[in-house]
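Written out below as C-alpha cells is the structure these notes cover.
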C-alpha cells in the first residue's frame, strides 16, 4: 500500500496567468485533491505577506487583552454570533472535551435592518469590536481589508472547483454572489502533555460550509485524517500559504465524491498557536443538491436538497449545544464534590 501523503502545495498563480496548459494542470491537481481528501495548500495567491503579518498582529493584540475585556463582546445568538468565543465553549468532536481554544468571530458589518439580519441568516450582523484596544480603528481597517482579500481569493478557488467538474468558471456564481463568510481569529494555548485526546485544540470534525482558507503560524498542529489507513497526517506550515479544504456543501453537491475530510488541531509544540481561518459559506439561500454530473446510474442521492443556511446552521448549533451540555455536567460534578 502506498504511504499516504500530506496535502500537496500547489502554485495558484497560474490561475491568473495566460498559460492554458499550466492552468489545466492546476485544475487536474485540484481535482485529484478533491477526490482524495479535499485538502491542498496554495501559494502564488494575491494576498500580500504584509497584510498577512498585520492580520496576525491584530489577532495577537486581541488575545492579549484581559479576559474581562474580551468577555464584554462575548458571542451569543442575540449578538448575531459575532464577537468573542470563550475558551472551551465549542465542542467539534462528539464525546470529547470542548475545544482548547478561544476565538473572535468577524465578518462584514451589516446593519441590523439588512435582509440577512432580519431573516437571521447565520453569522450575519454588525461586528462586536473590542473597545479595550488602543488602536481599535487600525484593528478594524486591517481586519476588514483582510476579509475582502480572502473573500476574493475564495471566489477564485470556487471558480477552479467549477473547472474541476468540467463546468465554466462562472458556474457557481449564484453560490458566490450574495455570499456570506466568517473570519475567525483563533488562539490555542499549549496542549497539556499526555492529554492529546481528552482535550484537543480543535476536535476531529468536518467543516460545514463551502470551503475554508486557513492561514496558520509556524507552530503547526493541524492534522487531516487519511480515511483508508486511519492515519492522521500533519499539515506542515508553509510561510504565506493557504490551506484549502472542502467542506460539507461541496461534498453534498458531489454526492460524496468530493471529500470533506475529518481534521483536528493538536498543539503539541509547547507554544501558543495562532491561526486565521476564513469560512466561505456561500449565498445562504443557494440550494445545494446533487449535481447531475455526480449522479451515477443506480447510485442513490445521499442528501435531500437544502439551502446553504440550513446545512450550516444545523451543524454549528450542534457544536455549541454539545459544549454547553459538557460544561454544565462538569459544573454539576464539581458542585457535588
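Glycine is no exception: its Cβ is also placed from the backbone N, Cα and C atoms.
Among the candidates 187, 257, 263, the residue that Swiss-Prot names alongside 205, 207 for the Fe cation site is 263. Residues 205, 207, 263 make up the record's Fe cation site, and a Cβ search at 8 Å around their centroid adds 92, 202, 204, 206, 212, 245, 247, 260, 261, 262, 264 from the same chain. Cα of residue 205 (Fe cation binding site) to Cα of residue 273 (2-oxoglutarate binding site): a span of 19 Å.
Cα-Cα distance from residue 273 (2-oxoglutarate binding site) to residue 263 (Fe cation binding site): 16 Å (rounded to the nearest whole number). Around residue 273 (2-oxoglutarate binding site), a 10 Å sphere centred on its CB holds 24 further CB atoms from the protein chains shown.
In this structure, residue 263 (Fe cation binding site) is part of a beta strand by DSSP. In sequence order, 39, 204, 205, 206, 222, 223, 224, 225, 235, 245 are the residues of the chain that are 6 or more apart from residue 263 (Fe cation binding site) and have a CB within less than 8 Å of its CB.
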